[in-house]
Amino acid sequence: MTSIFGYPKEELQLDLVAHGFKKYLAEQIFDWIYVKNIYSFDEMTNISKTDRNKLQEYYTIEPLKIVVQQQSKDWTVKFLFQLADGYKIETVLMPQSYGNSVCVTTQVGCNMACTFCASGLLKKTRNLSTAEIVQQVMMVNRYLATTNERVSHIVVMGIGEPFDNFDNTLKFVNIINDPKGYQIGARHITISTCGLVPKIKQFAELKTQVNLAISLHAPNNTIRNQLMPINKAYPVEKLMDAVRYYIELTNRRVTFEYILIENVNDSRETALELAKLIRGLNAYVNLIPYNTVAENGHQRSTKINKFFETLQQQKINCIVRREFGHDIDAACGQLRAKNEGVIRK
């Protein structure tokens, strides 16, 4: 059996027909799951009992298991979920003034080995299925239902590299963006990549309205090679060519994410080099205070404001990202790594 959560509506229609159901059943199922938050075939009362029983022969509809749930002083909520095969993943709910944003995970572990990230301490075991990505949003919506709220924004920035799980990530986007699904607008969805150049170009050619964020963290190959091994395969020059290709095809603005690390990438000279690198692009810089992971040996920069001011003086659009859940291990991979004894508690 396969999970009902893994099907975009058009695929579910085809699969239902192949099993002898009527095509329109797909819209009924989508309405029950994604609009009414019902996760049991038995409760889908406008579907015949015969069809409900038959659906259970072909599809599973079980939720994820919550292993740990932590709430921060700033109302951020971090979930550690257990998958059917026992592996664990993280999801973070970040309440905002404009709605509820959720950071989802796309892989069990990560092979990108960025030196500042807790996710890389646990190597990639496998990709998440589309269903397992969708279920993260489902579980957060279930949590929010107690206060009559819903998820309004998605950032695909959790554990793993989304473009290393390209097809399942894009199917996930299809489902949550569907007018009969979670109805989350494409411009309320952001996918972050560490720089898989061929996939950035492939994503550009889809001409979707989904936002693209680039985990840059350094303006040159010397520093980026030190922080992000992926740069040795796709150096800054090739990455920026892919970004320009994306902007040209989509006319969409790109976000450059930049974690500031003490005495590594936070000097005035580095800020000036960053400004030169992205000047003239339809883009802005998201400066991120570092959530320290002791095992990685890096420290949070003490020069965040000076770096920000330098970029502003250079007429570069930039913001300093608000911190979420600093007191509850809300940085990517921290909670799972602590739960599995990889980093200190």
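Even glycines carry a Cβ here, placed using N, Cα and C.
Swiss-Prot names Gly160, Glu161, Ser215, Leu216, His217, Asn291 as S-adenosyl-L-methionine ligands; from the candidate set Ser192, Ser267, Ser301, the record adds Ser192 to that same site. Within 10 Å of Glu161 (S-adenosyl-L-methionine binding site), judged by CA to CA distance, lie the following recorded positions from the set Glu90, Cys103, Cys110, Cys114, Cys117: Cys110. Neighbour list (Ser215 (S-adenosyl-L-methionine binding site), Cβ cut-off 8 Å, at least 6 residues apart, same chain): Cys114, Ser192, Thr193, Cys194, Gly195, Met228, Glu257. In this structure, the CA atom of Cys103 (disulfide bond) is 9 Å away from the CA atom of Glu90 (active site, proton acceptor). The shortest Cα-Cα distance from His217 (S-adenosyl-L-methionine binding site) to any of the recorded positions (Glu90, Cys110, Cys117) is found for Cys117. Of the recorded residues, Cys110 ([4Fe-4S] cluster binding site) and Gly160 (S-adenosyl-L-methionine binding site) place their C-alpha atoms 5 Å from one another. Around the Cβ of Leu216 (S-adenosyl-L-methionine binding site), the same chain contributes Gly195, Arg224, Leu239, Phe256, Glu257, Tyr258, Leu274, each under 8 angstroms and 6 or more positions distant in sequence.
On the 0 to 100 pLDDT scale, the domain 'Radical SAM core' (96-327) averages 96 in the predicted structure.
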